[in-house]
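Working notes for the structure below.
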C-alpha cells in the first residue's frame, strides 16, 4: 500500500453495473487525497449456462420478484451497461487519472490486478439499505496498520465503524450474518483466495469486498 | 352719506391695551382661541368608547388643526392604558396562515429574544445530544438489530437451501437456485442422468425455495421501514429530552401567557420533529467571526420558522400611554402593512417574518391621524382603511393581490383586531364630497371638528391672541415680540380675516409673518420683534407676491388699459374687481360702459354673450333689469335695449360685486348725466336698489388708490363701498394717510340713490305724492328716457307705411 501522501490507485472490478455502483459509492466518499488513480474492470459473472434448466425455475430479483429464467444466460457485460460503468467511473475520478478495461476478465485472473493496484474493490450489490459496518478481515498476525487505517477511513466516510473478524474457518459463516457495508481483506497479511473462495467470500458478505495490499506494488 | 373718517378705515389695536411689554411676560399658553366647537368634537372623539366615532377635522389649512388635534389626542392617550403588543409567529400546521399573538404591552421584544436564545441554545445542545455515547450506542444497537435480522434471514435461507442440496447463484440480474451434488453445482448433463422422480423432487424444491427467497428479499424494505421508525423514535426521544429540558428553563412569565404557552408547545413539537435542522446548522461549522458558543444560529434562515415577528410593541411608564400616530404618506402598504418577498432561485417567496406593520398596527389602541386628501389619492388606501374600520381588524392584502397582478406564494395572516380612532384632516369641500358621494363615510366618521377661520376681536381675544403669538415665538425660538409688535400682528390678523371686528385664525400665515419679522429684527440686532419688523415683513410679503399687480397698474398708468381717474362721462364708470393668485389677491379698476336705445326690454350682458361672464355676474345684471322695470315708467312697456360690458376684460368675470357699478352706468346712460371718473364703485345691488356687501373690499379700494396715486391724487378721488362693508375695512396705511390728508375718499353707500347722487352730483330724486320724480333729478331723466323709448316704440309699431313691425 502506498503512503497517504501520494494517494492510492484503486481498481473497481464488477460483474454488473449494480455491483460496480456499490463499489463506486464507496470510492466517491473517500477524501480526494486518498486516491490518485481509478480503474474500472469488467468481470465475467458466474456461468449459469451449464446449470440445468427447469420449467419452474425462476430468476429472483433483489427486490423479491420472480422472473422467468433467461433463455440464453450470458456471463458477459451488455455494451450499454459497460458504457455506463465507464461514464460513472470517469465522473467519480473527476480530475484524477482513470483507466477502464472494456474486455471482461475472469475473476480467476484478479491476482494480476491486485499486484499492480494498491486496492482492488470487487463490487457487489447491497440487498438492502440498512446500515452496516466495515468488516476488516485480519489474518493470524492481524491487519497491517495501513489496511486498518484504510478500513477506518472508509467506515468514517460511511458514518459507521469497523468490526474485525479473524480469517478462520468460521469467517464465511460469520460474514453471512453480519450487516456489512464493505469487507476489507488485507492481502499483505493473507494470501489472495482462489476464484471459488473469492466468490464464496463475496456471496457471504453480500457487499463490496476490498482487496488491499499493505505494501506498494513492486 | 359722509366720507368715512380715517380711524374707520383701519381700526388699530392700541398697544397700551395689551397687558404686557413683550411676549416674554406672557404665560406659555398655546391653547387655540375661538375653536371651542372643534375642540369639543375632538375631545368627544377621543373619549367616547364606542366604535365608528372617528373624526374628520375640517377647516382651512393654517388654522392649527394638526397641532390642536394632536395635542388633544396625546393628552387623552396619556390617560389610556398601553395597548397590547402584537406579534406574528409561524403556524406550523399551515405556514401560509401565520398566527397573530396578543401580548401584554412591552412583552413582544422579550418573547423574540427568548425564542432566539432557545434556538441558539438548542443548536448547541441538540448536536451534542446526538453525538453523545448514549445516543450512538443505542443507535448502533438498532442498526445492528435490523441489519442482523435481514442478514440472518438471508443466511438462514442460504443454509437451509444448502442443507436441501440447492445452491444460491448470484447473477447480474439477481439470484438463481440450482441443484447441488457433493457440494458442487450439478451440471445439466449430470442432472439429465438422474431419475425422473428425483428430477421432479429437485424442481419442486427449487420452486419452493425460490418462493422463500423472494419472500426473504421482499422483507428487506419492510425491515428498512421498521428500522427507520425505530431510529425516528430514538431521535425524537433524544431531541425531546433535550428540548424539554431547555424549555423548562424558558421564561416562566412568558409561559404563563396562554397564547405563548400554546405557541411554545407547538415549537417544542416542531423542533423535535425537525431536530435535523439543528444538526445541519451545527455541521455547517462556525462560519463567521465567533466560535460555536457565541454563534447566532437564530440568524440562519433555516430557523426563521421559530422567529417572533414583532408587529408592534408599546413601552411606557406606569403602563399608560396609548399611541398617537401620524401617517404622512398613507399608501396602502404603509397603512395596513405589507408582505415582502425575496427572490430565491428565480421565484418570489415569503414567510411570516416578512410581514411588515402599517400605521394601523402602530396606532392600534390609540389614534391615527391622516391627511384626508392623501389617503383618498392613494390607490386602494381609502377602501382598505374603510374595510379595516368596518371589520375592526387589520387584514394585510397587497395592492398586487387586490388587483390580481401577482401569482406567487403569499400569506394569509391572522387578521389583527383593531380598536383605534382615525382622525382625518381635510378641507370642508372634501368633507362635503365624502358625505355626498361615499355612503360609508357618514357611518364610519360620525364626528366632525370644524375649525373656525376667524374669531371675534375684542380686548380679551386680543390678549389671548397675544399669548398664542408669544407661545408660538417661544416654540419656534423667535425673539420676544413687543406689545407694539403684537398689536401690529393683531391688525394684520384682522386684515387677513377681511373683517376689522375679527381676527384670522390661520395661524400658519401669521406664523410665517412672525418668522420673517423676527429675521428682520435679527438683521438689526434688536432684542425684540417690533411693530416696524412686522410692518416690514408684511410689506415684503406684499411686494414679493405683487408682480402681476404692479404690471397691471403699470398698464393702466401707460393707458394700455383705459381707466379715467378724472373728468365725467356718460354711461361709463370705474368698477373694481379682485384678482386672486393662490393665497394672494389684489384689486384693480375696470372700466364698465353701458349703451342704451329703444328696444324690446332686453338688457344685454356682453360678458355673458361671449361666455366670459359667470353665473353670479349674469344674475347681477338680470337684477338690474328687475330694478329698472320696477322703478321706472311702470305704466308703459319696458322698451329698452341696453348693453353692458367690462371694457378690456380678456378673462372671465364672475361675482355680482360690480352690479351696482353697472346700474350706475345704465342710469347715467339713460339719464344722460355724466359720472365722475374720479370715483370707483364696488357693491352688489338687489332689485330694491339696496347696495349689498361684497368681498375683497380692502384690495379693491387699494387697487383704485394705487391707480389714482400713480396719476396724482386730487382729493376728489375715492371709492364708493357698501355700507355693510365698513366693518371689513383694514386698509393699508398709505390709503389711511391719504384720507387723513384729504387726498382720497372712502364713501359708504346704502342705496343706489345715494350712489348716483355722489357719482353725478345730481340728486336721484324721490317720487312725490303724484308719483313723479323731481324735475331734473336722475330718476326723472331716466324715467323720461324710458317712457320716450316706449312711445317711440309704440309710434314705430303704428307706422302706416308698413315699415313698422315686431321689435
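Every residue number used here counts from 1 along the chain in the order it is shown.
Each Cβ is built from the backbone N, Cα and C atoms, and glycine gets one as well.
Curation plays no part in TrEMBL annotations; they are all automatic predictions.
Pulled from TrEMBL:
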ACT_SITE  B:657  active site
ACT_SITE  B:700  active site
COILED    B:199-226  coiled coil
COMPBIAS  B:1-13  compositional bias 'Basic and acidic residues'
DOMAIN    B:567-762  domain 'Lon proteolytic'
REGION    B:1-29  region 'Disordered'
Chain residues in Cβ proximity to the region 'Disordered' (B:1-29) (below 8 Å; excluding those fewer than six residues from its ends, i.e. six or more beyond): 459, 462-463, 466-471, 473-474, 480-484, 486-488, 490-491, 494, 500, 528, 531, 718, 723, 726, 729-733, 735-737, 739-740, 745-750, 754, 758
- request: Report, in whole Å, the straight Cα-to-Cα distance of residue B:657 (active site) from residue B:700 (active site).
  value: 11
Model confidence over the coiled coil (B:199-226) (mean pLDDT, whole number): 94
Message: When secondary structure is assigned with DSSP, how many helix, strand and coil residues does the region 'Disordered' (B:1-29) contain?
response: 10 helix, 1 strand, 18 coil
- prompt: Any idea what DSSP makes of residue B:657 (active site), helix, strand or coil?
  reply: coil
